[in-house]
There are 2 protein chains.
Amino acid sequence: MPSRSPDDDPRLGDVSEGTVLRAILARTAPASHTILGPGDDAAVLAAPSGSVVATTDTLVHGPDFRLAWSSGYDLGWKSAAVNLSDIAAMGARPTGLLVALAVPRDMRLSFVEQLADGFRAACEALAPGCSVVGGDLTVSDVLTIAVTALGDLEGRRAVTRSGARPGDAVAIAGELGLAAHGLAVLFGRFRDGETPTPVDAARLAEGEASAVAAQLRPAPPIGLGPVAALAGATAMMDVSDGLALDAGRMAAASGVTIDLARSALGAEPERALAGGEDHALLATFPPDVLPPGFRIVGTVRRAGQTGVLCDGEPVDVAGWDPYRDWDAATG
Amino acid sequence: MPSRSPDDDPRLGDVSEGTVLRAILARTAPASHTILGPGDDAAVLAAPSGSVVATTDTLVHGPDFRLAWSSGYDLGWKSAAVNLSDIAAMGARPTGLLVALAVPRDMRLSFVEQLADGFRAACEALAPGCSVVGGDLTVSDVLTIAVTALGDLEGRRAVTRSGARPGDAVAIAGELGLAAHGLAVLFGRFRDGETPTPVDAARLAEGEASAVAAQLRPAPPIGLGPVAALAGATAMMDVSDGLALDAGRMAAASGVTIDLARSALGAEPERALAGGEDHALLATFPPDVLPPGFRIVGTVRRAGQTGVLCDGEPVDVAGWDPYRDWDAATG
């Protein structure tokens, strides 16, 4: 949709809630699973399997994003993508999103419109058939985007974290460490207030641009979640906090040890092990199965003293913990 | 569950995310619709009708509540209740909640535990069969509770706002104006910092206590949503922003005028018309139908110049609009 001119871009505090909601709704489009879209007390979505898969994840300004780096479009896209990924990780297909926005009232209406455009574009690109079906708008001093994603299992059983068995292959679909590389570029070169929004691609070296894009607008392999489930994945999860930490969670839930192969982790194995926010799919498969889009990165072993090994040795890297790693004062 | 001693009540910033999540999960209990509860990438809930009703609503410290007035238990209860009410307003039965918490890291672990207790108690009291099935925890300077509620239509059609027809009776289940009375008591007598939390009931007159309770721990008639749908309600919605404003929304959606009877609005009709946050159910029924729990408050007429009348005269009251009515500086 056309962008808003500076002369016609009021602050949210100067317009009614209804005006903001109408601006958002004009930019959403119902998709195939929507039975009743936004505008009533609640939405109604198809759940053909007789069950619904549901997850929620929040992005908060500060710990989760910086307005100096991310446009409204970027934030809408990323907020959608990280939630769609959790649906895919159960082997389900996303059917709808609900978006709860808490927005400072000095922000511009155009920002919220760009956010809506980002949500729509991410759904269309990553999860056709899924759309924003409902939401909520309130005012807060801290920009907060809480998203709930819903999905359908299409008759399959949910693929949990707890089904990995000794002898299974450990496989990945999607990037490992690329989003963390992008974050390092942003922290190293573009501190808050030093750069125009969106990030000026001309100031990025080759390789840096794709890493920054992976951080700001991740494109996790949503469609491969159902593919993995159909192929017989024994366990699956979304890698949001780094492969080492998340593989450890899968190992604990399954009562096994996961032994990763450093040679399969790309040019920067440490970043692949520690870097969060890629939203790759980590799955385990019986030894003779590997669906398209997945690559083997290790083997499931019987539970040992350590949940995660790399080439048989314990891995000592930590993932992202907002309560430990974020300080509002120092950034 | 037993309350936490001051010696064993760390600030959230001093413990890991896992510790906080375990403390919360110890206080949730799966209910009958839960197929897969918290702990994986997503939850799985029964959707026996082949569709799912979904809504989201956020409570932000400041516009929506004050920690000086509300305990963690109150906030959990209210956050659940206001979302359950939106499910009931579609004629559906709530099946599950997802809770996205953004919490300042100087808050105590016991606060989050009380919040979980409040969610559980509200579900058990207002919507048996519904429970918290998933959530998200992040850090923010502003305490923010974003809840998504899911529900099942049990084979019925959703009751929207748009089905009211001339000649229908207009009916209410639940309180009108009581929560607004409670808010007035709190604003008039208990400004931030002047009162212990929770509000000291001994300082409240008779009548004030029930009003404050309706504001802090509302008990909307969730079970009457499906009752109204079964009885043939032609339109229904949750009264969250005041009867006049919300009846106007229903009138606009249905293309009718709603004529309210002042004599049916209780001892304080102005407060009933303007006061928000009661989460009563507003429904319209064919003239010969009135299910138990509902009382008639007006009549649906053909669309006139004004959407809402009271005894045939236009109503001029405004409901609650957070972008207009909340100022972080002045409260």
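Any Cβ shown, glycine's included, is placed from N, Cα and C.
TrEMBL entries are annotated by machine, without manual review.
Noted in TrEMBL for the protein shown:
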- B:Asp41, B:Thr55, B:Asp86: Mg(2+) 4 binding site (BINDING)
- B:Asp41, B:Asp86, B:Asp238: Mg(2+) 3 binding site (BINDING)
- B:Thr56, B:Asp57, B:Asp136: Mg(2+) 1 binding site (BINDING)
- B:Asp57, B:Asp86: Mg(2+) 2 binding site (BINDING)
- B:Asp64, B:Glu277, B:Trp320: substrate binding site (BINDING)
- B:Gly135, B:Asp136, B:Arg161, B:Ser240: ATP binding site (BINDING)
- B:Asp241: Mg(2+) 5 binding site (BINDING)
- B:39-151: domain 'PurM-like N-terminal' (DOMAIN)
- B:165-268: domain 'PurM-like C-terminal' (DOMAIN)
Proximal to chain A - binding-site residues among B:Asp86, B:Asp136, B:Ser240, B:Asp241, B:Glu277, CB under 8 Å: B:Asp86, B:Asp136
Coarse DSSP state, helix versus strand versus coil, of B:Asp41 (Mg(2+) 4 binding site): coil
Surrounding CB atoms that lie within 10 Å of the CB of B:Gly135 (ATP binding site), all protein chains: 25
B:Thr56, B:Ser240 as binding-site residues, winner by CB count within 10 A: B:Thr56
Binding-site residues compared (B:Asp86, B:Asp241) - the one with the fewest other Cβ atoms within 10 Å: B:Asp241
Surrounding CB atoms that lie within 10 Å of the CB of B:Asp41 (Mg(2+) 4 binding site), all protein chains: 26
Other CB atoms within 10 A, centred on B:Asp136 (Mg(2+) 1 binding site): 21
B:Glu277 (substrate binding site) versus B:Thr56 (Mg(2+) 1 binding site) - Cα distance in angstrom: 15
Distance, B:Thr55 (Mg(2+) 4 binding site) to B:Asp136 (Mg(2+) 1 binding site) (CA atoms, angstrom): 17
Cα-to-Cα gap, B:Asp86 (Mg(2+) 4 binding site) vs B:Asp64 (substrate binding site), nearest whole Å: 17
Average pLDDT across the domain 'PurM-like C-terminal' (B:165-268), rounded to a whole number: 89
From B:Thr55, B:Asp64, B:Glu277: binding-site residues whose CA lies within 10 A of B:Ser240 (ATP binding site): B:Glu277
When distances run from the Cα of B:Asp241 (Mg(2+) 5 binding site) to each of the binding-site residues B:Asp41, B:Thr55, B:Gly135, B:Arg161, B:Glu277, the nearest one: B:Glu277
